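Annotation source TrEMBL lists active site, proton donor/acceptor at 262. Residues or ranges marked as Zn(2+) binding site by TrEMBL: 117, 183, 204. The substrate binding site annotation in TrEMBL covers 128, 207, 208, 215, 239, 295, 296, 297. Annotated domain 'Amidohydrolase-related' per TrEMBL: 41-344, in sequence order.
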């Protein structure tokens, strides 16, 4: 049995509970008039991450468990492992590794499903993805894959201007998959038509898509003003400069922003500015930049993003928690995520008053700072 007294941020208000745990489950919650030494909140959820701290999202099962622990040791309690364009047989091999890795209890972030960033993307907006890996939409192949994946795929990024994209979006919805627009040259009308048939999300908004122009508003205008669309926001301050992050947040509101890292295996380390990585990418402001200037992901994680939102953007903590955790939990239908209810065992992170991570508790398992 243990007790934690903290200032609790539930996404709406702050309060001061005393939380009692036994074997990873809440047994009682009482309230105090004074705050404790920690800040508690629903554990962060990253729905766009290709890996972290030396581990790729395409690693074998034994390394995927280490990846989950690495996430939890930075406050991330749940993740959608993100995979770029691959042949569908390769996706099925990856799914088999995840099922093998997470079929038994483990200390670490909860694997919430796959985010497939492809294969139906526009080569004209490839960004750091090899355009050769992108495919034309084949509805028969897609449906066969969705049946075989048996619910493991939670999000698919798709370019809505491609032939048969609207039919593919309907099919994704039919199988419970969130359709997200990304790596796309779609115009405003194409994005709106996609939203009509079930598109609900934008992948790394502003990146790998046409810029906003006052006479050619494009997909970004649709993303900003359509209440049906939630927007991923890479929150390192480099992929999007702070004024653009503020524009996106103020326009959409905190209930429609999904802060993501777009991290990779080289992420999670404090590289000096200008460090050249093994793949030739250079560190610029926390981002990994290819020699040709194309952004290739972020070195930052969502605990870094928490500091950026609160300190640099001056976003209140309850709103930041929605952007970093609760919005993703809502979209993924994680109904009890981070709630302080007796019997609950999922999804809390604790920080110092300076927003330094201390502990993550997920599914009756605790990851502590001392274990790093």
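Any Cβ shown, glycine's included, is placed from N, Cα and C.
In the three-state DSSP reading, residue 204 (Zn(2+) binding site) counts as coil. The residues near the Zn(2+) site, meaning same-chain residues not in 117, 183, 204 whose C-beta sits within 8 angstroms of the mean position of the site's C-beta atoms, are 48, 118, 121, 127, 129, 157, 182, 203, 207, 208, in sequence order.
Distance noted between the C-alpha atoms of residue 117 (Zn(2+) binding site) and residue 262 (active site, proton donor/acceptor) is 11 Å. Proximity to residue 296 (substrate binding site), defined by a C-alpha to C-alpha distance within 10 angstroms, is shown by the following recorded positions from 183, 204, 262: 262.
Under DSSP, residue 239 (substrate binding site) is assigned to coil, being neither helix nor strand in the three-state scheme. Each residue contributes its Cα atom, and for residue 262 (active site, proton donor/acceptor) and residue 183 (Zn(2+) binding site) those atoms are 14 Å apart. Rounded to a whole number, the distance between the Cα atoms of residue 183 (Zn(2+) binding site) and residue 295 (substrate binding site) is 13 Å.
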